[in-house]
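Novice: Below is a structure I'd like to ask you about.
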Protein chains: 2
Amino acid sequence: MTEPASAETASVRNPSARLIDGKAFAANLTQTIAHEVRAFHDRHQVTPGLAVVLVGNDPASEVYVRNKALQTHRAGMRSFMHMLPETTSQAELLALIGRLNHDPEIHGILVQLPLPAGLDPVAITNAIHPDKDVDGLGEVNAGRLALGQPGIVPCTPLGCLMLLKSELGDLRGLHAVIIGASNLVGRPMARLLLAEGCTVTVAHIDTRDTAALARQGDILVVATGCHGLVRGDWIKPGAAVIDVGITRISLPSGKTRLVGDVAFDEAVTRAGRITPVPGGVGPMTIACLLNNTLAAARRIVGGAG
Amino acid sequence: MTEPASAETASVRNPSARLIDGKAFAANLTQTIAHEVRAFHDRHQVTPGLAVVLVGNDPASEVYVRNKALQTHRAGMRSFMHMLPETTSQAELLALIGRLNHDPEIHGILVQLPLPAGLDPVAITNAIHPDKDVDGLGEVNAGRLALGQPGIVPCTPLGCLMLLKSELGDLRGLHAVIIGASNLVGRPMARLLLAEGCTVTVAHIDTRDTAALARQGDILVVATGCHGLVRGDWIKPGAAVIDVGITRISLPSGKTRLVGDVAFDEAVTRAGRITPVPGGVGPMTIACLLNNTLAAARRIVGGAG
């Protein structure tokens, strides 16, 4: 019953979409990875290691980096934190990346973005060795994904793809509409879904009738950072909706709430499946970082297990 | 009057599309490049040099390679041909590419595809230094294009883009539908048009209703190798149609004729603008190779002119 051709009927029978539980999926994936990390160590006497580099004192970045380190450690991997002052020069940062590239204990390197002004994020991202670029944001991994060659896929779109395949099975021939064309989500998502055999449309800030395009999507991925942008009538009945947006809004009560780019209460009556915010795509990102770090260690060590 | 919103009216007034004369455009571009090659030499005492490598005796490849060498020479550049036997090993070919990568007289390197069985086209294409990869087919240039960073763009989609911008001006907000998802044309074309601000749809062999999608395109780029695939009623009235296909068919008379992927006689009554076959996209490919070689020489020599 994962065939979207019949999903419209299904949504008439059940006017509320099935929730895609990213939190549970991510927890399962993390548990599987922890198990595989132990097996990898038993086989190769090597523990996968992830180096996370943070420059400056952005409070949000500090939270992200701490979370990544903690989950890496919990999955049984080694976690190395490099927290550098705001005054770090480009040359110093490149020198650190150079050392990490050659360090046999490090299989993944992640430089937390955004970087302070004066540091060139493109040059720094590209300085990470492609085999250790576990964020998949460097030019070589972007090229490998674009060309359909094996490489490291950015964590958030990889997480979205895992959820979609788990819900829908084979995606071949489905029309995927992606709203948002960032290098972090929209564009790599397009390349991934094309590789899965989807017909792919990318809409963005310059698109003229985004609602009409969105309504064509058997799959609708929204990553704009514009909360509540996608209304219920933008959604093809029965579609699988992946909401990557996450914004904290203030309520009249003075409390705050996390919301996505999709108007959830409307969308849930039209979609066949939908990710909630929070608890949908968000938890998948770190799980995919762990996934990519283990995969990198496997490639670097050269074994299959 | 390049605004497609009004193009439907225009096509009623004029039921025959304006032909996009790629042959004339390419001749002009080649002439401009020849002029700039002389100016570049006057400024830097360097003549741009292109190395073309052919392995084996595929007759079609021999024709392509000879044409490329001839046109390079005519544009005032140095042309170096390396014609290797079918028995060439991967190691020998990689060694040659290594020498060309380090040769200061060479600014562009092109390995003619397809390669004989036993040679890995991915490894060989990626062995070309990204700054000399004038076909733009290696992973680094694919990544740069995917990320919107400066790099070398594959010749055929670059030629298509030049024609479209020359005909339509600013492409921002237009819906571009691309039929065909190859690494040579369709996929890089999608990345290029997205970078120009188009909404982009990529359709391919697994797409369910290609005709309905095609009819949404203000721009329709067809690169399938399936001659006559796109019928007149697949075309949005007034659209700009770029036909990349080129197939030689036999006529009842025993003669042969070159035809494209678009049923030209039908399309010409609906489209606003259309490339003929031959004389449309075809001549642009070599002109863009010369363009890329000059641009590579400029980057390598480090000057602006």
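Keep in mind that glycine also has a Cβ here, set from the backbone N, Cα and C atoms.
According to TrEMBL, the feature domain 'Tetrahydrofolate dehydrogenase/cyclohydrolase catalytic' maps to A:20-135. The domain 'Tetrahydrofolate dehydrogenase/cyclohydrolase NAD(P)-binding' annotation in TrEMBL covers A:154-299. The NADP(+) binding site annotation in TrEMBL covers A:G180, A:A181, A:S182, A:I205, A:I246.
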Novice: Give the sequence-ordered list of residues that share a chain with A:I246 (NADP(+) binding site), lie 6 or more positions from it, and have CB atoms under 8 Å from its CB.
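Specialist: Those within reach of A:I246 (NADP(+) binding site), by Cβ under 8 Å and sequence separation of 6 or more, are A:L258, A:V259, A:G260, A:V277, A:P278, A:V281, A:G282.
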Novice: If you measure Cβ to Cβ, which of the binding-site residues A:G180, A:S182, A:I246 are under 8 Å from chain B?
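Specialist: Contact set vs B: none.
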Novice: What are the DSSP helix, strand and coil residue counts for the domain 'Tetrahydrofolate dehydrogenase/cyclohydrolase catalytic' (A:20-135)?
Specialist: 62 helix, 19 strand, 35 coil
Novice: Give the residue from the binding-site residues A:A181, A:I205 that has the most other Cβ atoms within 10 Å of its Cβ, counting over every protein chain displayed.
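Specialist: Result for the most crowded candidate: A:A181.
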Novice: So the record assigns A:G180, A:A181, A:S182, A:I205, A:I246 to NADP(+). If I measure every Cα pair among those residues, what is the longest distance in angstrom, as a whole number?
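Specialist: Between the outermost Cα atoms of A:G180, A:A181, A:S182, A:I205, A:I246, the distance is 18 Å.
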Novice: Averaging the per-residue pLDDT over the domain 'Tetrahydrofolate dehydrogenase/cyclohydrolase NAD(P)-binding' (A:154-299), what integer do you get?
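Specialist: Averaging the confidence scores along the domain 'Tetrahydrofolate dehydrogenase/cyclohydrolase NAD(P)-binding' (A:154-299) gives 97.
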Novice: Within its own chain, what residues at least 6 apart in sequence put their Cβ under 8 Å from the Cβ of A:G180 (NADP(+) binding site), listed in sequence order?
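Specialist: Non-local contacts for A:G180 (NADP(+) binding site): A:G186, A:A203, A:H204, A:V221, A:V222, A:A223, A:T224, A:G225, A:V244, A:D261.
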Novice: Write out the long-range same-chain contacts of A:S182 (NADP(+) binding site), meaning residues 6 or more apart in sequence whose Cβ is under 8 Å from its Cβ.
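Specialist: Counting only residues 6 or more apart in sequence, the Cβ neighbours of A:S182 (NADP(+) binding site) under 8 Å are A:A223.
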Novice: What are the helix, strand and coil residue counts for the domain 'Tetrahydrofolate dehydrogenase/cyclohydrolase NAD(P)-binding' (A:154-299) according to DSSP?
Specialist: 54 helix, 30 strand, 62 coil
